[in-house]
Amino acid sequence: MTTVSINKPNLLKFKHVKSFQPQEKDCGPVTSLNFDDNGQFLLTSSSNDTMQLYSATNCKFLDTIASKKYGCHSAIFTHAQNECIYSSTMKNFDIKYLNLETNQYLRYFSGHGALVNDLKMNPVNDTFLSSSYDESVRLWDLKISKPQVIIPSLVPNCIAYDPSGLVFALGNPENFEIGLYNLKKIQEGPFLIIKINDATFSQWNKLEFSNNGKYLLVGSSIGKHLIFDAFTGQQLFELIGTRAFPMREFLDSGSACFTPDGEFVLGTDYDGRIAIWNHSDSISNKVLRPQGFIPCVSHETCPRSIAFNPKYSMFVTADETVDFYVYDE
């Protein structure tokens, strides 16, 4: 697996190389995608209460992990390649801490009273955030089964850590606000509130800081995404030019993502194509259309979720199938 410079010509050279069909008959759409820190493995969760583990570097399926008793969503690696946490979709809505090699649970994180819609691991330590339909966002430590901090929230939030692990963002789609919090001063509330002045911007499904710490992406499934200055909160760009996805009952982990250098955004399209936006060379406060598209796998495939490998020149899309794209000269 190679690593190449990220630019428009190279992004257009990414090609689809592998497609994985569901392993079970009662298959359902993939609801989350996550790479480990080293970019060697990919973990997905599906609406049929299973998780799938892949070798990202070899584009190879490795294993299915069943969670039929509890259901699963938002499966993410900890900082150990053989461990993950994921949210339950039934029973008691505990967050599970699982060893992927032994299939043994290491800990249950109890407290949420409704579905957990989002989980994010702190990039520099073993704490993580969860957002739930029980009107709370919670901060946890992998070593302790009870939450460290509970933040009241009237609606399920999108959540994201900045690269330093010192700041996190909570996105509230009901009041069109994003709050930025200092982890050391959570109880003081957000130190910056970003207002989104677009009442049509709905169906949020992603918050993501760029790896260079400069930008904050707010993704949606309506064919539009927004980029903000991560320091000032100023809206910089509106990304358009893709078709909206129809509403569905299942969650997903976001239809847009930054490239690892933070200079481009890739987004999925209901047409099946992958859109490329270049915001780094653009004048701020502009509406941007895609500079190009990576061809779709087939006209029958409409991937909702997308994730770029943090270390290697490859990305993955998913919905009914999991599709690997790699750089190809």
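The chain as shown is numbered from 1 upward.
Note: Cβ is positioned from N, Cα and C throughout, glycine not excepted.
Annotated features, as they stand in Swiss-Prot:
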type	residues	note
REPEAT	25-64	repeat 'WD 1'
REPEAT	111-150	repeat 'WD 2'
REPEAT	152-191	repeat 'WD 3'
REPEAT	199-238	repeat 'WD 4'
REPEAT	246-287	repeat 'WD 5'
REPEAT	298-328	repeat 'WD 6'
Kindly state the mean pLDDT of the repeat 'WD 1' (25-64) in the predicted structure.
92
Could you name the stretch, out of 111-150, 199-238, 246-287, with the greatest number of CB pairs under 8 A to the repeat 'WD 1' (25-64)?
246-287
Tally of DSSP helical, extended and coil residues in the repeat 'WD 3' (152-191):
6 helix, 17 strand, 17 coil
